[in-house]
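Annotated features in Swiss-Prot:
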type	residues	note
BINDING	S100, M120, T123, G164, N169, G332, S333, S334, E335, G336, W337	ATP binding site
BINDING	S103, A329, D330, Y331, G332	jasmonate binding site
BINDING	T167, T168, N169, V170, Y171, K534, I535, L536, D537, H538	L-alpha-amino acid binding site
Amino acid sequence: MKMLVEKIEKKFDQEKVIEEFEDLTKDAGKIQEETLKKILEQNGGTEYLQLWGLNGRTDPQTFKNCVPIVTHNDLEPYIQRIADGDLSPILTGKPIETISLSSGTTQGKPKFVPFNDELMESTMQIFKTSFAFRNREFPIGNGKALQFIYSSKQFKTKGGLAAGTATTNVYRNAQFKKTMKAMCTPCCSPDEVIFGPDFHQSLYCHLLCGLIFHDEVQVVSSTFAHSIVHAFRTFEQVWEALVVDIREGVLSSRVTVPSIRLAMSKLLKPDPELADTIYNKCSRLSNWYGLIPDLFPNTRYIYGIMTGSMEPYLKKLRHYAGELPLLSADYGSSEGWVGVNVNPKLPPELVTYAVLPNIGYFEFIPLGGNLNGIEQANSPVGLTEVKLGEEYEVVFTNFAGLYRYRLGDVVKVKGFHNGTPELQFVCRSNLLLSINIDKNTEKDLQLAVEAAAKRLVDEKLEVVDFTSHVNVSADPGHYVIFWELSGEATDEMLQDCCNCLDRSFIDAGYVSSRKVNAIGALELRIVKRGTFHKILDHFVGLGGAVSQFKTPRCVGPKNSSLLQILSSNVVETYVSTAFC
């Protein structure tokens, strides 16, 4: 581990990193076998693997014959014992010392996931590989990154293990900062801002640091596109206060955390000239179009995860970015990494991820038309056996104690990089709007919202954010869509949007069910401005990190606190007449 850090710190050799990646992917099948063997040799003596009778064998066939495919629920009791302080080799040979929390935005509560040195090492490998391909197409010099990153506090589990979100565990690791420095993208903001206890204050200071180092900013990034859009929506509200801070060299009283105030006082000096420049730029912008390149003229690109539930934010992000390219970050989850973006010139909507064959052992459940993948759960195919154009659910085995673990993601094979597949993220397999025979995915919801939102364009209105819910307490059950708008719209327009939403779900099961009233009329509920910000605040209040926040696109019945926030902020309700 120490050697890895020293190697990164010494010099970042872009061509060598690319060469190593090419070698790994040329013989992906062999690398996969070696990776599985390594995982099983390290962990073969664990309670979990002993249970399935591997008896020291490390070949893929025996592994697949003996060890079952599982979901998080199956492993949860084992992980809980680790978190509670059981030091016996339960899932891994070496004790787990850190626990990651999943975002919790999908299911309503965070999951515990083991985190160890090997996962950190694969994170750095992903970062380095991605940067090498990115830097080849969009080279940057010595500068800084305006990174809207926020680290929630780590806490101790009942058994004394450090626990925090996956992003927190990465940001707090010494390797992270060294790697960023080696890749010429150190963060503009001091640690006190990144690790601040109040994300509103941290965000304000991230923006201020970006302005202080405006000429040095080469990359604007965050874990997710949502955080970048949220940051610049906030900038629209606070820019004049930021200008005053820069003009006077004194930090606004809105920042109250002593450690942040002290750190910022070392950076902030009176600069009337810069204050005038920023004021003039902001005053002449048309509806904030091209805000990012105007404020940070040496920025090469915007970087963050932009697929899946982040796609709805791309329109606003492009508005802020002007002509700057949007580069989608890599494919992973709290449980571990899957693939790296080696084609950074592709727009986010078309981005693919080449699977790294040495960071885990990968299997793929063929889906056909069955999004739940249950029927095929016993017949997954290997990394090199996937077929072009087919959709699969990802199953992986990693170095941190997850064995044949269903990630819950649906991917499509779009091509191959040497011997490894290039995957396109399709949707979360469990994010379905479904009442009976209808099946609508997150992508279907997104397309329906996009179609309906076009009716708002002429009025210069936009959908700020959205989510959905299946109301089965009514008979017949029906879909409920929640919208937050940027301004006021007429009843006539919103009724039209509601009907358009209903018609835009083109799944055959939905349409046929609507026609015979087996599914009731869709409801569009408009919520107050700031409602989705309240959802973000609620998530952070539960210990989540802003960097990991994803607006849940479907709120299930168990997520009662989110439903309560949404329901208590509804200002108008419209019922579809599309199938009357």
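Heads up, the Cβ atoms here are built off N, Cα and C, so glycines get one too.
Neighbour density around each Cβ, counted as other Cβ atoms within 10 Å, peaks among the binding-site residues Y331, W337 at Y331. Here is what falls inside 10 Å of the CA of T167 (L-alpha-amino acid binding site) among the binding-site residues S100, D330, Y331, G332: S100. Residues near T123 (ATP binding site) in space but far in sequence (CB under 8 A, at least 6 apart, same chain), listed by position: V170, G332, W337. In space, E335 is the closest of the binding-site residues S100, E335, D537 to A329 (jasmonate binding site), judged by Cα positions. Separating the Cα atoms of S333 (ATP binding site) and I535 (L-alpha-amino acid binding site) is a whole-number distance of 21 Å.
Within the set of binding-site residues S100, D330, Y331, E335, the entry lying nearest in space to I535 (L-alpha-amino acid binding site) is S100 (CA atoms). The binding-site residues considered are D330, E335, D537; of these, D537 has the fewest other C-beta atoms within 10 angstroms of its C-beta.
Taking S100, D330, Y331, E335 as the binding-site residues under consideration, the smallest Cα distance to D537 (L-alpha-amino acid binding site) is found for S100. Classification of E335 (ATP binding site) by DSSP places it in coil, neither helical nor stranded. Spacing of S100 (ATP binding site) relative to Y331 (jasmonate binding site) is 17 Å (Cα to Cα, whole number). Cβ neighbour count within 10 Å across all protein chains ranks S100 highest among the binding-site residues S100, S333.
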